[in-house]
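Asker: First the structure, which I've put down as C-alpha cells, then a few questions once you've had a look.
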C-alpha cells in the first residue's frame, strides 16, 4: 500500500484526532478532483456506451482562439510552391511542420470560424484577383456613334445647322440641323444602352462560370465551399477532374497525377507525391486522389497573376451573326445603289430646274446662281441619300441576335442551364441527335442498395443482414466498401447520424455498410494501413486497394467494379458461412445468371473481390516503377444491386425529342441487360421499335467504317462504352451529316464534349475538366433541361427570322417609295429625322419586341433547322412581299393623290404619309410574331415586353406628330385624319391573315429560280 492509500485508509478510524481527520478529508477532496480532471483529459469515450449522456469538454477547444501568424514568413510561403523550394519545405519540417505552423490539422483542417477565416485573409490575402476594368457606358456610346454613315449624317447636320441659321436666322434656322443631331444621338444612345446591358449580363454569367466549388475539411467536418472562400491553411480534397484551387503541398493520397498544360503548355501527366509535393493553382487532376494544404491564394499564385490580366471578350461573333453580317452587307450595297441613284436624280432635277420650291418656282435659276443655295441644295440631297442608306442597312440584325441570345441566356439560367459559349444557343436549334449519359441525366442519381448476394446466396436487406454473415466475411466486406472508396464517413460522436460524402454510388455503398452491416469507419482505418491504390479506370471499369492488416500482418488486395469484369478475374467465391469454393462451370453459370437477373431489373450490379497474401509474398517493385495491384486468381466476395430510378419527367422529354425529329442515344458503362432495361423504361426503345440496336462499345469499335455508317442511325444504346467509344460515336454521327449534342460529366468525356457540335456538361456531378470542355452546363443534371435548351435554341433562330421578316418589309417599302418619289417628283416624302425615327423603330425597338419572345410548343413539332437552310425562307418571302407591296401601294397613292383625295395641304399630306408608314410597321409587328400561324395574337399577353414596346412606340409617334412638329417637320392631325391613318394601317392584319392561305414550296427560292431557268 503506498502513501496515498495508507493515508486514505486511516480516514475511517475513530481514534484519529479531529485536526488529522480534517486534513484527511481535505486531502481526499483534492485527490478526487485530480482524478476526475485526469479522466476528463484522457477523454475516455469507452465508458460512454449509454445513448443518453452529457459530455463536458474540460480542456476547451484550442481552435476557438483567433490564430496568430506573426511567426510565419509570409513572403517565403508565397514563393514556396511557385519556385518549388523543396529544401525550404524540409527545413520547415515538411508538410507536417507546415500544417502546425499554419495552425491547421491534416485530418480535421482549420477551425473555420469567422474570426479564424478573417485572420487568415488578413495575414495571407483572399483567393480572388482583380479583374480588368470593363468598358464603360460612354465607350458604348462612342462605338455606336462610330458608324460611318451616322458620322456622315452628323457632318450633314453641322452644314444644315450653319446654312439654316444663315438663311432663316438663329430663331428659326437651327431646327433642322439640331433635329438631325438629336435623332442621331437618340439612335446611338438606345443602341449603347442595349449593348451595355448585354455586357453586364454576360459579366454576371461569366462570374457564375468561374465560381467553382472545392471540397475542404474544417473543424473535422467535410464541406463544399467556393474557391473564392478558400484560405491559407485549408485542407482541400482533390479527385479526378478537379481544378487545383490554390497553391499548396501534398499531404496524403494515392496515384495523384496532374495535367499542367494550362500553366506550362506541357500535356504529359505529372506524378505528385511526398517526393514531388507541390501543387500549382489552375492545374487539373487527371488520376488518383489526395488532400493538399493551401499555402498561397489569389494574387500570390501564378494562376491569379495570369487571370488578372485576362479580359473575357463577349463580342466574338456567333455563326448566325456572321451570316447576318453578310446579309446586312448585301442589303447595304443595294441601299447604297438606291441612295446614289436618288442623289443623282435629285441633283439632275435640281440643276435642270425641275425641282420647284413652295411657290412653284424652280429652285435653281442659271441666271441667278447663288453659291450658298447650291451648296445648301447639295447638302440637303446628300443628306437624304445618306439617310436612305442608314434606313436600308439593317444594323438591328446583329443587335437582334445579341438581344435574343442575351435574353435566352438569362432565361435559360432560370431553367438550370448556364451557357458558356454563345454559339451553342444557336446550334442547339439545329441538333438532330443527342448522345446522353444514363446516371444522373436520365436517372435521379439517387443510388440505393436493394439486393445483396454473398457468392450465389441472396442475403436479407436491413440491419439483420449482418447476423447471417460470418464475422470474417463481414470484416472483408467492411474493408471492401470502406477502404476502396473515394467517399468518406464523418461521425462527430457515436450517437450522431453519420454524414456520408462522395459520388452517389459511393454514398449508397457506404450507407449500406454503415447502417446495415454495422461498419465503423474509424475503427476499420485504425486496424489496417493502405499500401497502394489504383483509382477507378474507365477502361477496366474497376478500382482497387491494397491493405496491410495490423493484427495479422496479412496483405489484402480488394477490387470493386463492374460485376461481369470482376467475375472474369475470379477463381473462387466466398459463402456466407466463410467457406471458400472454387468456381466451376456450373457455379460460374449461376453467378452470371445472378448478374443478368439484377441487370434485367434495371439494377446496377457491382462486385467485390479480394486476394490475401502473406507479408513474404508481396512483390516489391523498383523505385520509380509503377506498382500494379494483383488482379488474377481473386476470390469473389459478393454482388450488390443498386437501384437508380428514372426521372419522372424523362419519358415525356424523350417523346418531345422524337416529335421534334431529334434522335436520342444512351451511352453508358452499364452492361447490355441493365442498359436495355433502362432504355425501355425511359422510352428510348419502344416495343414497336424493331430496328433499335443495343450494342457494346467493343462491338461498335470493331465495326468496319462502312458497317458503322450503315448501323449508326439504328443504334439506340451503347453499353459498356469507353470514352474512346463515345468519341467514335460522335465522329461517326457527324460524318453521316448529323448535328450532335453530347452530355458528359467525367474528365474522360472531355474529348467527346469538344468534338460534339454542342457539349453539355453536368453541373452537379460534372468535373471541372468536363465543364471547361463543354458549351453549356446543365445545372441540375436533368435530361429535361437538355430538351429545354434545345427549345430555346430553336426559339433564338425563330426570333431572328421574325425580326428579319419585319425589317426587310420596312427596308423594301422605304427604298421603293423614296426612289420612285425622287425620280417622279424630285423630293423624298420622308425627311431625315422621320427616316431616322423609322430606323429606330425598326432596329432597336423592333429587336426588343420580336427577339425576346419565349419558346412555344410549335417549335418542337418541326424537324431541326438545317445548317445550310437559308435564313429567309419561302414563307418569309411570301409574308414580307405581301406587306411590302401593300405599304408601297398605299404610300405612293398618298404621294401622288393624297392632297386631292383628302383635301389637305402638302405639309399635311407628308405628315399623313409619315404617320401611316409608322403605323403600318406597328401593325406589322403583330403579323411578324407568327411566321406561319394565322392567329398572330396567341400568347401575346405573356410577352409583356412586346406590349410595352408597342405602347411606347405609339405614344412616341403621337408626341412626334402632335408636339414635336418642328423637330419632326410635321403638322397636327385631327381625329378624322388619325382615324384614316389607323384604318389604312390596320389592313395589314387581314392581308397577313389571307396571305398565309397561299401554299409555298419547301425548296429554297434560289433553287426554284435555278430550276426554272434550266
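Every residue gets a Cβ built from N, Cα and C, even glycine.
Caution: TrEMBL annotation is automatic and unverified by curators.
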Asker: To which of the residue ranges 760-778, 779-797, 836-854 does TrEMBL assign the term transmembrane segment?
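Answerer: That would be 836-854, the stretch labelled transmembrane segment in TrEMBL.
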Asker: Would you mind splitting the domain 'Cation-transporting P-type ATPase N-terminal' (95-160) into helix, strand and coil residue counts from DSSP?
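Answerer: Tallied per class, the domain 'Cation-transporting P-type ATPase N-terminal' (95-160) gives 40 helix, 1 strand, 25 coil.
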Asker: Ranking 140-165, 808-830, 836-854, 975-995 by the number of C-beta pairs under 8 Å to the transmembrane segment (177-196), which range is first?
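Answerer: Per the Cβ under 8 Å count, 140-165.
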Asker: List, by number or range, the same-chain residues at least 6 past the transmembrane segment (331-351) whose CB is under 8 A from its CB atoms?
Answerer: 363-364, 377-378, 381-382, 384-386, 388-389, 391-394, 808, 811, 815, 818-819, 822-823, 826-828
Asker: Can you tell me how the residues of the domain 'P-type ATPase A' (212-309) break down into helix, strand and coil by DSSP?
Answerer: 16 helix, 48 strand, 34 coil
